[in-house]
Amino acid sequence: MKSLVPFGPGAGQPLKRLIDPDLGLAFQSSGWGSQYVPPPLVVNADGFSLRALIRKGQRAQLEKLCRYVTRPAISLERFDVRPDGMVSWLLRKAWRDGTKGFVMTPYQFMARLAALAPHPREHQLTYQGVLAPASSLRDLVVPRPVVRKEPKDVDVADEDGSKSAEERSKDQRYIRWADLLKRVFSEDVLKRPRCRGRRHMISVITDPETARKVLEGVRAAARRSSDSLGGRDPSSPGPSRSPPAEPEVRIPMPPRQGRLDFGK
């Protein structure tokens, strides 16, 4: 996060710093910044550092690295509310000029804290190369659990069905755009807003010329439908009307029976 006021009257101005002048003089006199040479497999550039010294067999160092990666956004031990209502935020390590923290208003602190919150369903780790989710070589480098299936007596139809299921499972790494839109933006594009039904994806058209022909055909059909309806929008509901007249239904009565004489 940049040490600037995010918004308000002083937007873009530096935040108030907590500076220890003795610490700054100590840094300058020691010449630590000019004499520091990073060790091998360590790179510092533009405020970021990359360290690749941990090997796969060093379990303690791997645990420390995992704890560092999964650490929370802020530490309550370095956060404090001052008596004047301002918020002080201490750095984990002081800077070379002696800066050891910042002072800001609660509103400014909440704005900076909200900037750290990721968007819904946003990935925090992005893999590239063979580790990318859609890479065809990912299954060769990422270990998978061994699942043992007992052989079953299946006929030819079941075997064909299992083969088709396996083919579908191989293509599952390519997620449809409709599913991606629903997962990331919570927009179900396959849901019909009026009848609440579901649309079915027939095919995906990527050729521009084919897409143009399909859209022209849809527009032509919409114009013909609009002309037949007298210029009215075919998607709009029609005028209200009374229910259709139903013919009168008469139930035939059974013939009248004579009097029963139980004395005979």
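Just so you know, glycine gets a Cβ as well, placed from its N, Cα and C.
Feature annotation from TrEMBL assigns domain 'Transposase IS801/IS1294' to 48-132. For the domain 'Transposase IS801/IS1294' (48-132), the model gives a mean pLDDT of 84.
Annotated region 'Disordered' per TrEMBL: 219-264, in sequence order.
Under the heading compositional bias 'Pro residues', TrEMBL lists 236-246.
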Can you tell me how the residues of the domain 'Transposase IS801/IS1294' (48-132) break down into helix, strand and coil by DSSP? 28 helix, 17 strand, 40 coil
